[in-house]
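Going by TrEMBL, these are the annotated features:
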- B:3-181: domain 'Electron transfer flavoprotein alpha/beta-subunit N-terminal' (DOMAIN)
- B:ARG201, B:226-227, B:240-244, B:257-264, B:ASN278: FAD binding site (BINDING)
Amino acid sequence: MKVLVPVKRVIDYNVKVRVKADSSGVDLANVKMSMNPFDEIAVEEAIRLKEKGTASEVVAVSIGVKQAQETLRTALAMGADRAILINAADDVHTDIEPLAVAKLLAKVVEEEQPGLVLCGKQAIDNDMNATGQMLSALLGWSQATFASEVEIEGERAKVTREVDGGLQTVSVNLPSIISVDLRLNEPRYASLPNIMKAKKKPLDEKTPADYGVDVSPRLTVVETKEPSERAAGIKVGSVDELVEKLKEAGAV
Amino acid sequence: MAVLLLAEVTDGALALDATAKAVTAAQALGDVTVLAAGSSAAAAGAEAAKIDGVAKVMVAEDASLGHRLAEPTAALIAGLASDYSHIVAPATTDAKNILPRVAALLDVMVLSDVSAVVDADTFERPIYAGNAIQVVKSSDAKKVITFRTAGFDAAGAGAEAPVETISAAENPGLSEWIEDKVAESDRPELTSAGVVVSGGRGVGSEEDFAIIEKLADKLGAAVGASRAAVDSGFAPNDWQVGQTGKVVAPELYIAVGISGAIQHLAGMKDSKIIVAINKDEEAPIFQVADFGLVADLFEAVPALTEKLS
């Protein structure tokens, strides 16, 4: 079974983002970018399926600017077999919407015929949590979101999902889209020899036009603003003083 | 314009707080019809009919809708969509599972975690773990939206909207529910609690989390946790507060042994009053705390619990 893993290049999760002064967006110039943390978990899971003999090939795909190549090379260094880059934006500030990404991925799925798509549950930049579900809808496939455990059992997958009240286990028909949560696994680091080898692995470059998909946004960003600042607080010297302050504020 | 609101129904019971907050958010957009779907949903539908601002309730009961698997539930909603300009739900894991699927079936974008409604086409939503607020205008004919409930007050009760029974869509039969492992809790639900006490890595062990729980029980609070505490096995996943866990905005949030990483702040920085107890005076949590106490939590928390009696 072939496994397809969509990965996204996003601002590094440790970077404190800055809103541009003209409110046109978040400043991404000269900021450290990395693979979306959830996508690392998806890549790791795909590689583990390959190591268990369940997956025959792992294909990583990324959509965005040409620098997303680096993200794909990271996936290849972790153990993916080959990569597809869809050059869909000229500027790093252009975020292709989940609907367009899902449409492009649906075309890639048609071409590649994977038995499973493993993706991250959300990208930490747009915080949408939608692409996997949208792809599943477009393909008419089953979906298992927020997975913390995945067991492939022949023509089905048994997936434990992180839901609000605890955990839910579902069984889905394959092929399926599984979106992964934080606790599914601990992604591996790419070793230096593997990083070198990854440079020789195949990476195909495509454009949205190759797939006949229109990537223009449905949502126009009117403005991007800073969240309201909290008023500066105070440090108290003792538990007594804390209780007193809380009582004054009517909080207890 | 009319709004279809997917009620949050778990095992036949309505999650009143989440649903009532979504009703408040949706009212600005038009007449609100609530859809209660599940293998048993009639009681939840009857309760939803009492929420102020609900014009009508539709109840869809079918075995295929039990546990609201995404495929049959999304098919049901997409089948009803022609009569509505907006399809909305509270941003729970159920809705995040279902609504993007509905949106793609209708060939429209989804607006996730909307925190404010500007007008019928324009909405605010937090991005980058809440470090920026994006104002977006949708050009889609239908808007599919999940609301960040922490940003809205719950609508009151007292109304009596008519209830209509509808049938489920054909089950595509793509998935099956196997089991639920529900975390038992007598405490208030995290996302609707007035007070939340959260513990982080600094608590040190699952056993020591008891001092967090004791303080919470004293205050009638819900218990939360940072990702570090959850990953270390001190607390269950569904207690996690943050970008990838739950987003809360209680009257009082007490963070104990939590450094205040960006991802944690994303889930609690809209709380009315934030208290931080941490022995590291440089911890970023003190930058958002109204009241900070630099102290050893193993001394300060039991003392605080004591003083509050």
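Any Cβ shown, glycine's included, is placed from N, Cα and C.
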Binding-site residues, contacting chain A; criterion Cβ under 8 Å; candidates B:ARG201, B:GLN243, B:HIS264:
B:GLN243
Binding-site residues: B:ILE258, B:ALA261 - member with fewest neighbouring CB atoms within 10 Å:
B:ALA261
Local Cβ density at B:HIS264 (FAD binding site) - other Cβ atoms counted within 10 Å:
28
For B:ARG201 (FAD binding site), write down the residues of its own chain that are at least 6 apart in sequence and whose Cβ falls under 8 Å from its Cβ; none is a fine answer.
B:SER226, B:ALA228, B:ALA229, B:SER232, B:GLY257, B:ILE258, B:SER259
Counting all other Cβ atoms within 10 Å across every protein chain shown, which of the binding-site residues B:GLN240, B:GLN243 scores highest?
B:GLN240
Which three-state DSSP class does B:GLN240 (FAD binding site) fall into?
strand
On average, what pLDDT score does this prediction assign to the domain 'Electron transfer flavoprotein alpha/beta-subunit N-terminal' (B:3-181)?
96
Work out the three-state DSSP category of B:HIS264 (FAD binding site).
helix
